[in-house]
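**Student:** I'd like to ask some things about the structure below.
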Amino acid sequence: MGCGAIGTQIALAIDSGKIPGTLTHVYDTSKDASSSLVSKLKNKPIIVENPHLLSSYPVDIVVEAASQEAVRNVAHSVLQNKRDLMIMSVGALLDESIYDILSEACEHFHKTIYLPSGAIGGLDTIKSVSDLLESVTLTTTKHPKSLKGAKFFETSKIDLEKITTQTIIFEGTAKEAVSQFPANINVAALLSLVGVGSEKTMVKIVADPNTDKNTHTIVAQGKFGKMSFNIENIPDETNPKTSKLAILSAIETLRKYCSSGISIGT
Ligand SMILES: NC(=O)C1=CN([C@@H]2O[C@H](COP(=O)(O)OP(=O)(O)OC[C@H]3O[C@@H](n4cnc5c(N)ncnc54)[C@H](OP(=O)(O)O)[C@@H]3O)[C@@H](O)[C@H]2O)C=CC1
Ligand SMILES: O=C([O-])CC(=O)C(=O)O
């Protein structure tokens with residue numbers, strides 16, 4: 001579900017055999033996007049007309065790489081149809097009612113939701129020390145073009161076109177960040193879910209016209225000590241909001257899902 005930057009690269013990884021699975025169906029609100037994806041593949045999946053159809057076929061897993069809205073609309077019915085689900089638009093899970101409904105559905109239908117580490121690293125270690133955490137902060141720096149179109153700018157006086165030096169454009173909780181920048185800061189949702197929650201995870205978003213990277217700097221402190229992670233991501237060529245690492249992380253999660261053998265890491 002979602003045939004953009006992430007969906008297309010996942011489909012190509014299945015087509016090339018890197019992910020040992022079969023892509024059976026695709027859906028995107030844009031028919032052009034799904035047709036364009038299918039045209040790139042040797043093994044052609046069926047394009048479905050309705051996202052609910054994805055889980056009505058006997059598939060193992062549905063992959064969401066679309067939008068928070070897609071998660072809100074479709075996630076529960078995927079679990080109800082007894083399919084696993086992988087979610088990239090993790091920000092949707094910061095709505096407690098959605099999180100609780102999906103979490104209960106996983107238990108009830110014995111299914112799993114996979115959230116890849118996306119554009120960051122360190123979630124394994126932060127998860128291990130979660131009971132001892134006192135603070136988690138995330139500073140994300142992107143080129144203004146990678147922040148364009150965010151809901152935040154509908155009410156802010158900041159004009160991205162006029163930024164000439166590194167400028168902090170947002171400081172607040174992960175909860176606010178994910179709601180104001182739904183397509184830019186899903187990593188804040190991931191951090192919140194493994195760490196101290198979305199009201200205590202503090203986020204700074206910096207626009208830097210002189211950077212060609214999407215950089216995420218995470219600092220976690222607590223009774224275990226301190227951890228810092230600095231991830232300088234190259235943006236995807238087709239969608240500069242999205243880092244190459246986010247795509248590779250989605251591919252690795254699915255590769256693991258489709259494989260047996262030794263599993264390394266927490
Ligand atoms: N977890 C993480 O670390 C990361 C998560 N993401 C998130 O992953 C998602 C996919 O990213 P990416 O592939 O780069 O995005 P793209 O914009 O490149 O592709 C998304 C595609 O999904 C389509 N789409 C939007 N809403 C729906 C819907 N309700 N149902 C079906 N299709 C829909 C879009 O159509 P249209 O363009 O017409 O809206 C577009 O074709 C985004 O939500 C993004 O924010 C991205 C990077 C990192
Ligand atoms: O890909 C990235 O660098 C991060 C991103 O867009 C997100 O978390 O939504």
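The backbone N, Cα and C atoms fix where each Cβ goes, glycine too.
Pasting the feature list from TrEMBL:
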type: DOMAIN; residues: 2-116; note: domain 'Aspartate/homoserine dehydrogenase NAD-binding'
type: BINDING; residues: Ala119, Asn186; note: NAD(+) binding site
type: DOMAIN; residues: 164-251; note: domain 'Aspartate dehydrogenase'
type: ACT_SITE; residues: His216; note: active site
**Student:** What's the CA to CA span in angstrom from Ala119 (NAD(+) binding site) over to the residue listed as 'active site'?
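**Tutor:** Counting only the Cα atoms, the answer is 8 Å.
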**Student:** List the Cα distance (Å, whole number) between Asn186 (NAD(+) binding site) and His216 (active site).
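**Tutor:** Cα-Cα, rounded: 11 Å.
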**Student:** Please give the average pLDDT for the domain 'Aspartate dehydrogenase' (164-251) in this predicted model.
**Tutor:** 97
**Student:** If you draw a 10 Å sphere around the Cβ of Asn186 (NAD(+) binding site), how many other Cβ atoms fall inside it, taking every protein chain shown into account?
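**Tutor:** Taking every protein chain into account, the count is 27.
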**Student:** If I restrict to non-local contacts, at least six residues apart, and a C-beta distance under 8 angstroms, what lies near His216 (active site) in its own chain?
**Tutor:** Ala119, Ile120, Leu138, Thr139, Thr140, Val187, Phe229, Asn230, Ile231, Asn233
